[in-house]
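Colleague: I grabbed these lines from Swiss-Prot:
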- K51: SUMO2 cross-link (CROSSLNK)
- M1: N-acetylmethionine (MOD_RES)
- T2: N-acetylthreonine (MOD_RES)
- T2: phosphothreonine (MOD_RES)
- K5: N6-acetyllysine (MOD_RES)
- K51: N6-acetyllysine (MOD_RES)
- S60: phosphoserine (MOD_RES)
- K70: N6-acetyllysine (MOD_RES)
- Y84: 3'-nitrotyrosine (MOD_RES)
- Y106: 3'-nitrotyrosine (MOD_RES)
- K117: N6-acetyllysine (MOD_RES)
- S186: phosphoserine (MOD_RES)
- S232: phosphoserine (MOD_RES)
- R58: site 'Interaction with phosphoserine on interacting protein' (SITE)
- R129: site 'Interaction with phosphoserine on interacting protein' (SITE)
Amino acid sequence: MTMDKSELVQKAKLAEQAERYDDMAAAMKAVTEQGHELSNEERNLLSVAYKNVVGARRSSWRVISSIEQKTERNEKKQQMGKEYREKIEAELQDICNDVLELLDKYLIPNATQPESKVFYLKMKGDYFRYLSEVASGDNKQTTVSNSQQAYQEAFEISKKEMQPTHPIRLGLALNFSVFYYEILNSPEKACSLAKTAFDEAIAELDTLNEESYKDSTLIMQLLRDNLTLWTSENQGDEGDAGEGEN
């Protein structure tokens, strides 16, 4: 029995409440594949679902990679760690490729509003960034370059079409700056991007409407936290490398 759009959306909401994010992602993938432009609510459900699905694998990958490094003297343990890490990597890559296919095939081509276009291009940058975290060699170069390209395109549209206080524009600046810091190892560029976004938003705080006030100020706080952390790390202090992301 094929479910219609409203039933799939309802299923996604139920799955979210039950914290069954794989089910939530499957439901929202089916909604997307129907080929209509998503509403803001549907867009957010899709984003939350995949963010949790991929987030669980990114977190597992970091834990196993760290354990793998600590077992260098024990070949058997290290081999087991390596195999398990590769299993998680394969899952993570499948998820990212799923999202990237939805973006290229449906979401980006169907986006009529600049806000949606920026949202989806940011998402494209994010999922190529997640791929680049686990990639190596030529594959890494390709994913890094694709990520930067998507972020850059989103960034240019956002500067032209959106207020500096818009939560999507701020979220993009946050993640693009994390990309510069973590993936390109360019702390100066990361700090400059984050600081500019923060300062421009502060200067226009009075343009914030009530519904996005909470979202915007939360992201501004994350931008400021990252700036504080990155500045202290570059001055040689041992900082906690837990960058905030949107």
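Each residue, glycine too, has its Cβ placed from N, Cα and C.
The shown structure was predicted, so the numbers you read here are calculated from the model rather than taken from an experiment.
Show me how these features fit into the structure around them.
Modeller: Spatially close to K51 (SUMO2 cross-link) yet at least six residues away along the chain is no residue at all, judged by Cβ distances under 8 angstroms.
Secondary structure at T2 (N-acetylthreonine), as computed by DSSP, is coil. Within the same chain, no residue at least 6 positions away from T2 (N-acetylthreonine) has a Cβ under 8 Å from its Cβ.
Same-chain residues at least 6 positions away in sequence with a Cβ under 8 Å from that of K5 (N6-acetyllysine) are, in sequence order, V31, Q34, H36.
In the three-state DSSP assignment, the secondary structure recorded for S60 (phosphoserine) is helix. A C-beta separation below 8 Å, combined with a sequence spacing of at least six in one chain, links S60 (phosphoserine) to I88.
With a cut-off of 8 Å between CB atoms and residues at least 6 apart in sequence, the same chain places nothing near K70 (N6-acetyllysine). The secondary structure of K70 (N6-acetyllysine), as reduced to three states from DSSP, is helical.
Long-range C-beta contacts of Y84 (3'-nitrotyrosine), restricted to its own chain and to partners at least six residues apart, with a cutoff below 8 Å, comprise I64.
For Y106 (3'-nitrotyrosine), the same-chain residues lying six or more positions away in sequence with a CB closer than 8 A to its CB are T32, E33, G35.
Sequence-distant neighbours of K117 (N6-acetyllysine) (same chain, six or more apart, CB under 8 Å from its CB) are I108, A111, A154, I157, listed in sequence order. Secondary structure at K117 (N6-acetyllysine), as computed by DSSP, is helix.
Taking the Cβ of S186 (phosphoserine) as reference, residues of its chain lying under 8 Å away and at least six apart in sequence are, in sequence order, Y180.
In the three-state DSSP assignment, the secondary structure recorded for S232 (phosphoserine) is helix.
Sequence-distant neighbours of R58 (site 'Interaction with phosphoserine on interacting protein'): residues of the same chain at least 6 apart with a C-beta under 8 Å from its C-beta are L92, Y130, E133.
In this structure, R129 (site 'Interaction with phosphoserine on interacting protein') is part of a helix by DSSP.
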Colleague: Neighbour count first, Cβ atoms within 10 Å, every protein chain included; then name which of R129, S232 tops the list of recorded positions.
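Modeller: Within the set of recorded positions, the most crowded position is R129.
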